[in-house]
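Following: one structure in structure tokens, then a few remarks.
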Amino acid sequence: METIFSRNKEEHPEPIRAEVQGHLPTWLQGVLLRNGPGMHTIGDTKYNHWFDGLALLHSFTFKNGEVYYRSKYLRSDTYNCNIEANRIVVSEFGTMAYPDPCKNIFAKAFSYLSHTIPEFTDNCLINIMKSGDDYYATSETNFIRKIDPQTLETLEKVDYSKYVAVNLATSHPHYDSAGNILNMGTSIVDKGRTKYLLFKIPSSVPEKEKKKSCFKHMEVVCSIPSRSLLQPSYYHSFGITENYIVFIEQPFKLDIVKLATAYIRGVNWASCLAFHKEDKTWFHFVDRKTKKEVSTKFYTDAMVLYHHINAYEEDGHVVFDIIAYKDNSLYDMFYLKKLNKDFEENNKLTSIPTCKRFVVPLQYDKDAEVGSNLVKLPTSATAVKEKDGSIYCQPEILCEGIELPRVNYDYNGKKYKYVYATEVQWSPVPTKIAKLNVQTKEILHWGEEHCWPSEPIFVPSPGAREEDEGVVLTCVVVSEPNKAPFLLILDAKTFKELGRATVNVEMHLDLHGVFIPQNDLEDETE
């Protein structure tokens, strides 16, 4: 049975004028660009998992008080091959595609053998990344696709692995003050020497090399060896402070041997991921100046996390906030067979997302007694010295039930106050959005019946002096059949509605995105 999750969405490549209610700030000019899965059935074949669907880009353009909507499928090689064959022929993480049964036996055998080191998909459906003046659709493979943020046209394909030895990369990069991209990827090509690589993509190239792309100047900043060579940690994001990279090696692991034999065994790659609840979660801190890892071993109990919120330094400590789970039930919830019409009643997460603050003392008294708490900041988070010199960390709980967190990016890596997030309880679908003050733990909400809001994006007002001076934008899908979806604009400070822009199309549930101010778009067209 088709549901709001599994129905293929139509694309709307020509702009559709939205009906605006309320008052939009006159300074709000630019494009909200978002990404997520939009097509789950091709011919007679269906994807198994919601995260496997073909990438559908959509955008809201703000121009002089008017709002225009458009959407377009990413014309990836994956999309083109599948549409041409009228069936799924490119494997995704939760759906393995097999050769056409009409192919001869030799072609079939070759196809099986060639999958031992998987050729990953370029169906970049998770996020949008800015590189210099360009924008790219991203996922967690080694491929990204350049796109035109105004027309949503798909442009060239970039393969990270041509420049640095990564097979997988996060879709949540960070940007430094000069606009360079910092990202992390896993390198599994190096004969049992599995490692995590932090790499940098410069925002521009030297004048004399203007014809070369920024990717030709990519460099590995540092590498962290995996604690388990054949079972590296899965990770979706990482943290950054002024002086450190924060990487969490969690016991949610990818089995490389299983990955290499998945195709032959007739199972999907997702089945090669397993949560080892008896293991520890290790914290790695890389000094951004020396490019060396802090030698002290910091750890906590087994957990699964996807999203870092923010991190900063204070009095010799690194403070970092994350959203963590006690198990990996979240991924399993999104298999399409579970997202049926009764999914809200029948499917409950076995672990609620918890917003945790860890406080890690990088500078501490080396003669401190075993068993003593080394944290010197006012917090209930602890870091206890063990006999072997390692430090066992326990978090302060900031709140429960939020996901898809965003902050004012001007405060990324710095001490901050506010998180904007979707609110989820035991069901994986957000019913509200929330603004959390991490210092007072006070929460403001917005919610309406039958409304499923997406990740909220904060846009600062021009010349803003306060952290929450601006607006919050979220795309809202309505689960009631006769009501149209809309873009919601909230005052970030009060969390009161300023206005909404309604479009009479079936909008897809998306994942992540960016707001591109008009000035940045003008720079690009110049």
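Just so you know, glycine gets a Cβ as well, placed from its N, Cα and C.
Nobody curates TrEMBL annotations by hand; they come from automatic prediction.
Over in TrEMBL, the protein carries these features:
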type    : residues                       : note
BINDING : HIS172, HIS236, HIS307, HIS512 : Fe cation binding site
Task: Surrounding CB atoms that lie within 10 Å of the CB of HIS172 (Fe cation binding site), all protein chains - done: 20
- [ ] Return the residues near HIS307 (Fe cation binding site), defined as same-chain residues 6+ apart in sequence whose C-beta is under 8 angstroms from its C-beta, sorted by sequence, else 'none'.
- [x] HIS172, HIS236, SER237, ILE322, ILE323, GLU403, LEU404, PRO405
Task: In the chain carrying HIS512 (Fe cation binding site), residues 6 or more apart in sequence that have Cβ under 8 angstroms from it - done: ARG34, ASN35, GLY36, ILE126, ASN127, ILE128, SER171, HIS172, LEU404, GLU455
TODO: Inside 10 Å of the Cβ of HIS236 (Fe cation binding site), count up the other Cβ atoms and send me the figure.
DONE: 15
